[in-house]
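Participant: Let me begin by handing over the structure; questions about it come next.
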Amino acid sequence: MNTNAGQAPGYQGTDKLLYGIILGVIAFWMFAQTTLNIAPDMQRELGLDASMMNIAVAITALFSGIFIVVMGGLADRFGRVKVVTLGFYLNIAGSLLIAIAPTGELASAFLMVGRALQGLSAACIMPASLALVKTYWDGPARQRAVSLWSIGSWGGSGVCSLFGGLVTANFGWRYIFVASIVVSIIGLLMIRGTPESKAEVKGSYKFDFAGVATFMIAMIALQIVVTQGNKFGWTSPAMLGLIAVTVIFGALFFRIECTTAQGFVDFKLFNNPTYTGATISNFLLNGVAGTLLVSLQLVQFGGDMSAQQAGILTLGYAITIIAFIRVGEKLLQRFGARKPMIWGCLITGLAILLLSPANLLLTDYKILAVIGYALFGVGLAFYATPSTDAALSSLPAAQVGSGAGIYKMASSLGAAFGVAISAAIFTALSASPDSVAWLEGVITFQGRQDNLAVREAAVIALMFNVFMVAVAILSIMLTVPKVTGRKDQEAAPGTPPVPAQPQVAVQPRRA
């Protein structure tokens, strides 16, 4: 049992601490996630192939998802301020490696390590910073602090594509990560001197090293299979070996967690159908971050737009995802969780469909894209708070902490694999025009014909994202009960889906 008994007595959070924490949140959601849009520029300058760039973009959300539960537990035990501080240092190190990545053979090593460190940084900062907010603020002050924390994550994910495009066009993409270092240093200075906060842990504690190690190996192997399978061949010895590693270590992980008293994943939580449905739909809705990746790559590779021009199209997404987050809370109070979750999924699905007609002329497509991105933000905003509330309010009080950690993990892993799969589909099909040439007999592609492979690949990849939305709706309908909301119901703070923890060369939301 954990209680917040380890904080300094009488200490109240200050705006200096709060804004320092928010800078840590922004360092991930606004800076690290810019690869969603700028990956083509990075790929060209560093001399990487598309499949390697795909790994580099997706690995940040992957490492965030793998370690977010672990680092949240360590923060509770050893100190939340310490873990937030560690997160800042990890982001500085990761951003520095990316900013100085050389062109050529060493580029992939610098980029991979840097992106992985950024993911570890997010795994440290997100749970530990939110725990500090809940510990050092009370009443209306806490509500304000949580709202600002959420705006940092939501706002960062909403503007990352626009911000990344503007900086890349005017200064170069490396300056994004230089700015991330500066922001992290400022954040470190602002949280300096904060009294330590720990949870009072009753009973013995043993770190679940075996569980973490087997889970990490299984997830990394699976990510490589998804992103590199087409390059090396799905039936090649390397891919078959990695598939075997994924299955074996995944099975070992499941066995360890089912037999270990202090495993970092409690599979008993999934005996609760409402929690299971909300978590599955959360995983899938985070996965549609691949929509942003594919649609932005489409207008750059197929329409010769710059990262800045592509990013401007997403302005509506940045506005609506922030403006409508509180609307989702009000809908939860009025209708319960089920209806707003379904409505959010339907709006998100409609947004993806509006981004899918790559057969149109670029001028017409840009009009639909502006509308589609705006609706994308509305849909995710409608979904987030009701989904979080459905998941956590269905659990006994003793399981809420563990349940929240797994729910956050689902957010990041959903973004990682959704983006990776979308990128893999887009990359593979655009490099093999004959595989989707049948679309030309179904859809008339207007305008240029030299970019048909890219346009056809985008249609298929975006339809995969529509499929994920459909499965998310099905999971909600089968598991989340029809319960009418109450006017006095207090909603759990939303966790935005990432474009992602959410990001790919061809990457939110969030804990």
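The backbone N, Cα and C atoms fix where each Cβ goes, glycine too.
Note: TrEMBL annotation is automatic and uncurated.
Here TrEMBL flags 17-39, 51-71, 83-101, 107-133, 145-167, 173-193, 205-226, 232-254, 275-298, 310-328, 340-361, 457-480 (among others) as transmembrane segment. According to TrEMBL, the feature domain 'Major facilitator superfamily (MFS) profile' maps to 17-484. Feature annotation from TrEMBL assigns region 'Disordered' to 487-511. Look at TrEMBL and you will find 501-511 tagged as compositional bias 'Low complexity'.
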Participant: Using a Cβ-Cβ cut-off of under 8 Å, list the residues of the same chain that are 6+ residues beyond the ends of the transmembrane segment (205-226) and lie near it.
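Facilitator: Those are 55, 58-59, 62, 65-67, 70, 77, 239, 242-243, 245-246, 249-250, 252-253, 256-257, 260, 262-265, 413, 416-417, 420-421, 424, in sequence order.
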Participant: Return the stretch with the most CB pairs under 8 A relative to the transmembrane segment (275-298), choosing among 145-167, 310-328, 340-361.
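Facilitator: It is 340-361, which has the most Cβ pairs under 8 Å.
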Participant: For the domain 'Major facilitator superfamily (MFS) profile' (17-484), report the average pLDDT of the model, please.
Facilitator: 90
Participant: Any chance you could find the range in 83-101, 107-133, 232-254, 310-328, 457-480 with the most Cβ pairs under 8 Å to the transmembrane segment (173-193)?
Facilitator: 83-101
Participant: Using Cβ atoms and a strict cutoff of less than 8 Å, what residues sit near the transmembrane segment (457-480) while being 6 or more residues removed from its termini?
Facilitator: 273-274, 276-278, 280-281, 284-285, 287-288, 290-291, 294-295, 297-298, 302, 337-338, 341-342, 345-346, 348-349, 352-353, 355-359, 390, 418, 421-423, 425-430, 436, 439, 443
Participant: Are there residues at least six beyond either end of the transmembrane segment (310-328) with Cβ under 8 Å to its Cβ atoms? List them, or say none.
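Facilitator: Hits for the transmembrane segment (310-328): 37, 150-151, 154-155, 157-159, 161-166, 292, 296, 299-300, 340, 344, 366, 369-371, 373-378, 380-386, 494, 496.
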Participant: Which one of these stretches, 17-39, 51-71, 145-167, has the most C-beta pairs shorter than 8 Å to the transmembrane segment (107-133)?
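Facilitator: It is 51-71, which has the most Cβ pairs under 8 Å.
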